[in-house]
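Heads up, the thing below is written out as structure tokens.
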């Protein structure tokens with residue numbers, strides 16, 4: 001039976017890899033909705049190839065360019081919607097059974113909530129939705145009775161390992177991290193690294209923001225918070241280990257101390273496919289893992305001096321309330337400034353820490369959506385206000 005899906009962030013890394021899955025499995029999936037930011041050329045190609053029923057382009061001023069780019073499709077005309085509201089329309093579009101949330105950052109929160117409220121199952125590739133919005137997202141998931149399935153490699157690995165583990169059987173989660181672009185760089189050299197240096201990920205092909213998050217290890221810190229919300233373990237039972245080969249995507253320890261792991265080549269398509277096909281397993285012709293070719297697998301403790309963002313994430317997670325939303329927004333804004341070469345690499349954790357410290361007195365244990373969104377905006381403003389004052393010298 002063909003599953004009808006919509007993709008939020010179709011021109012990004014997650015979106016294009018999801019569409020690659022659809023291309024190889026047309027008997028399993030049909031695209032009914034696409035939402036993208038402003039990449040007209042790529043979105044036009046996707047519209048022509050997959051012929052969705054509804055298409056959103058967030059940058060409304062580019063709608064006419066998009067229509068012109070697909071003008072030769074005289075036998076087909078989708079419904080066009082624009083702006084943030086248009087993305088929400090795609091998220092809740094009636095004919096889709098599942099929605100892949102590939103929008104980067106907290107911008108994915110409201111569309112994901114709209115999809116959940118419309119009764120759609122979620123293939124969650126946007127971790128910020130849970131990190132910032134868990135206090136409102138999780139009750140909505142329970143109310144609507146939808147499935148919230150992890151589509152990133154680490155949480156998919158945990159989810160796969162948990163199949164068959166009885167309730168209460170999970171003892172510890174071990175998240176693996178590649179270590180990012182600077183895993184082998186002496187910490188003394190970090191003040192001198194450039195944007196180009198930070199974007200050279202050793203293992204994965206990802207978007208710019210998540211690649212920087214990998215270099216700071218904030219990506220793993222955010223995944224700790226996401227794992228807490230998805231799987232219900234407290235932070236003392238969620239660990240991070242550096243695994244340079246990125247073959248083991250994460251592990252779980254069960255009550256008898258047995259450890260289960262999910263292995264595979266670094267390929268985001270596998271967790272995406274599993275989130276869309278669960279509980280089934282769909283045959284693929286992708287290159288299977290060859291353990292001899294993979295060679296030795298190594299592990300080491302993260303360097304806390306090199307990766308201060310990791311502990312900032314643990315601290316925000318333990319604080320709870322709207323603090324994870326503040327952490328996430330501060331990180332998004334700081335990373336954006338770094339990518340614009342307005343701050344140094346080491347200014348990223350400095351700005352995040354200062355912002356979180358300033359929010360402590362405002363935090364509330366059970367924030368509503370309005371409070372979460374206000375905290376997000378406050379954190380972004382605070383980072384911008386303090387960015388001119390950070391110590392950028394080596």
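We number each residue from 1, going along the chain as drawn.
Every residue gets a Cβ built from N, Cα and C, even glycine.
On a predicted model such as this, the values are computed, not experimentally measured, just so you know.
From the candidate list 83, 179, 180, 207, the residue Swiss-Prot records in the NADPH site shared with 11, 12, 13, 14, 37, 39, 126, 128 is 207. When 61, 64, 72, 223 are compared with the Mn(2+) site residues 152, 154 in Swiss-Prot, the one appearing in that site is 223. The Cβ of residue 219 (1-deoxy-D-xylulose 5-phosphate binding site) has 177, 180, 210, 213 as same-chain neighbours under 8 Å, each 6 or more residues away in sequence. Proximity note: of the listed binding-site residues (152, 154, 201, 223), none has a CA within 10 Å of the CA of residue 11 (NADPH binding site). Geometry remark: residue 126 (NADPH binding site) versus residue 152 (Mn(2+) binding site), CA distance 8 Å.
On its own chain, residue 207 (NADPH binding site) has 12, 13, 104 as residues at least 6 apart in sequence with a Cβ closer than 8 Å to its own Cβ. Across the binding-site residues listed here (127, 201), the residue whose Cβ sits among the most other Cβ atoms within 10 Å is 127.
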